[in-house]
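Please read the structure below before turning to the comments.
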Amino acid sequence: MSWQDKINAALDARRAADALRRRYPVAQGAGRWLVADDRQYLNFSSNDYLGLSHHPQIIRAWKLGAEQFGVGSGGSGHVSGYSVAHQVLEEELAEWLGYSRALLFISGFAANQAVIAAMMAKEDRIVADRLSHASLLEAASLSPSPLRRFAHNDVTHLARLLASPCPGQQLVVTEGVFSMDGDSAPLEEIQQVTQQHDGWLMVDDAHGTGVIGEQGRGSCWLQKVKPELLVVTFGKGFGVSGAAVLCSNTVADYLLQFARHLIYSTSMPPAQAQALRASLAVIRSDEGDARREKLVSLIARFRAGVQDLPFTLADSCSAIQPLIVGDNSRALQLAEKLRQQGCWVTAIRPPTVPAGTARLRLTLTAAHEMQDIDRLLEVLHGND
């Protein structure tokens, strides 16, 4: 089989399963409205949970940062790309979340890959929730450490896996809020079991940070858990992009030596770090509290109005509200019908989610209004 035959076969298989991914160029993709092809849609696909991507205070901080520092960092943080803007942001993040150190990364994917690659060796073992994000599971699969998966949020299964002999160290990996189902991990129980077996816990809280907990401190703070490794990302609650790893001083020093994604990548622009500082200030403020409270109200309105639809509503209290349709083609058809009626919704299909669980992944944000939720419910009820 030639290279072209191999590529064509893979694409044909995706098409046959109604699982071929496509991109849509949009003029605006974050916030309340999505604009594409000169048409405006209510946007129920964005991860901009607090509606901060268009916040004037954050935009102004980025502009001023660009004027002060330029539009790029100029290099890796190990060469010339670590600015005072990066340093101050790291210090503010560490203070906010109660850690000794924070290290910035260009994306959550890079942060997860870097940490697992740097921390794990052949004699160690990774034990991950089976529904963990692709960045975590791919990093674990590429690691020299064996990977064991425990049933989703099943602490008893986790304990059994941890109890089996391991010559090295054990790292338990999970998410705070799961990206495709919107449910939360029982972090307190997971940490307790992990500690009983002398393991370390790594939590990716991409979808909880900024959105839940006191001052938006996220899932771990809400559940009174402090994992050894906490990954937070800035493309969701913060409304920007990038990520950080929160850890101890010793672990931070170690990652600075061995985390290749950090060492060999150009740092995020200092102007972006300034925008993230402004976003953090909003998240921690009374305005941040008001946005989170509004989001909770919108979620409650949606869940109350969708109960009688002939789809499975995931057990989620988060901004992620999946409607499980099951069949790939049915999910695609529903998403298209909703778009035709002014609601931009994304159909998520295998391999992103397990086979037979294709869904409409609906995301609500503080930028929405109650009438937007009512319109979404009206359209959903008209297409059931």
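Every residue gets a Cβ built from N, Cα and C, even glycine.
What Swiss-Prot annotates here:
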BINDING   ARG21, HIS133, THR352  substrate binding site
BINDING   GLY108, PHE109, SER179, HIS207, THR233  pyridoxal 5'-phosphate binding site
MOD_RES   LYS236  N6-(pyridoxal phosphate)lysine
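The Cβ centroid of GLY108, PHE109, SER179, HIS207, THR233 marks the pyridoxal 5'-phosphate site; residues of that chain outside this set whose Cβ lies within 8 Å of it are HIS133, SER135, ASP204, ALA206, VAL231, GLY235, LYS236, ALA243, given in sequence order. Within 10 Å of the C-beta of GLY108 (pyridoxal 5'-phosphate binding site) there are 25 other C-beta atoms, taking all protein chains into account.
Cβ neighbour counts within 10 Å, taken over all protein chains shown, single out THR233 as the most crowded of the binding-site residues SER179, THR233, THR352. For HIS207 (pyridoxal 5'-phosphate binding site), applying a Cβ distance below 8 Å and a minimum sequence separation of six or more within one chain yields ASN47, TYR49, GLU175, GLY176, VAL177, PHE178, SER179, GLY182, LYS236, GLY237, SER318, ALA319, ILE320.
Neighbour counts were taken as the number of other C-beta atoms within 10 angstroms of each residue's C-beta; across the recorded positions ARG21, PHE109, HIS133, LYS236, the minimum falls on ARG21. Under the DSSP three-state reduction, THR233 (pyridoxal 5'-phosphate binding site) is assigned to strand.
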